[in-house]
Amino acid sequence: MFVDKGDFSLYGGAETLWEGKRSPRRTIITTPTAQDDGKSHPGPPHDPSDFLWLMTEEPHRSRRMAIMKAHPEVTKLMGYEPLTKYIVFGVVSLQLIVAIALRRTQILSPWFLFCAYAIGGTANHNLFLAIHEITHNLAFPGVFLTAPCLRYHIEHHKFMGQDGIDTDLPTRIELLLLNNVLGKVFFATFQILFYALRPGFVRSQKLTTWHFANFIVQLVFDYLVVKVFGIKPLVYLLASSFFAGSLHPCAGHFIAEHYLWDGLEQETFSYYGQLNILAYNVGYHNEHHDFPSVAWTRLPALRALAPEFYDTLPSHPSWPMVIVNFIRDKEVGIFARAKRLAKEPASVNLKIVEHDSEVESDKNEAVSTLFHNIETRDIGYCQSSSEAGSVLDEHSYLNQKSRSRILVLVEEIDGYI
């Protein structure tokens, strides 16, 4: 058959066969399935001109319910991790020691920059993720974090992918301006600024006295550091925070967690490599979103408990290569995020359950913790009545009426969180 040289229909509109060649597959799979062999691309490339808009529910709630049905013992993994506070103390101490030790070192010297990147960037990234653990009430019993990141991150879990609510999502302006190689380099270099500033433009918070108190404490601390040791330690700490959210190996998790890869519509990806040691196992991200009330030390056990749910999901083999591939791969970019139209959260009538005097008279951390999470529809401990029951089992000193009241209250909002 004669084919006109100007007719490129046999190539799908491309001028050459090479132009339509797919990028190599970037994700791996522990247990291949009939639907995904772990080698070929599960789906076609996503449209780079827009985000992927979905009408389906986010996947974590349904998988959580399935795992709890198949493995009811998963509730034993829930609860806070006492080790966290000691690690935080050690890392903060390390940062202060290094900052003070560099007080006589030139700021732009190779040694100063190396310390800020290798030591400070790693340490401050570790502290970022310590804040993440504390946000989920997983560092102390009955202690709730009041910080600017709290509401934003809780909404990221409860309304994942909902445009205008989940501030982890890139905006359309970012899509228009940064959807090319140079734009991706800029985004990857200044990730920390995007995560710090974007929420204020997308969904600004009402400032409270706690916000101002937080701001004042930081200013006073910075002033004392400069007053006693000079400006260089403060520059080191600021540079550490910048590098922690820039082109740093650990910072690959920001992109790895929720960007779409390999033509998949999978919204969350895990990473099971060695860098989790430095990052509170945040690489176990599917596990974390499924069970936010499981502390970082028990996330590997969660995966081991339900391999039929997690080993069949594609995951990333490397955080550093996620950054490299994000920049160079035409099949992934700012556009590679799944979005949903925002919907009004369901209202929950809590007045039908009275806080009787018996409950209020208990005055213990378990009651205050549970009621706080219930009333704010938080996900720190209680995702369902089953999870609440497991938490209550750890507090046997509660009388039966208090326990039943709390469980009834959780049951009323089960399905809304």
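Note: Cβ is positioned from N, Cα and C throughout, glycine not excepted.
Predicted, not measured: the structure shown is a model, and the values here were computed from it.
What TrEMBL says about this one:
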type	residues	note
DOMAIN	46-84	domain 'Sphingolipid delta4-desaturase N-terminal'
TRANSMEM	83-102	transmembrane segment
TRANSMEM	111-132	transmembrane segment
TRANSMEM	175-197	transmembrane segment
TRANSMEM	209-226	transmembrane segment
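Helix first, then strand, then coil: DSSP counts for the domain 'Sphingolipid delta4-desaturase N-terminal' (46-84) stand at 20 helix, 3 strand, 16 coil. Only residues 6 or more beyond the boundaries of the transmembrane segment (111-132), in the same chain, are considered here, and those with a CB under 8 A from a CB of the stretch are 84, 87-88, 91-92, 94-95, 98-99, 102, 105, 139, 145, 147, 149, 153, 232, 236-237, 239-241, 243-246, 248, 250-251, 278-280, 282. Over the domain 'Sphingolipid delta4-desaturase N-terminal' (46-84), the average per-residue pLDDT in this prediction is 94.
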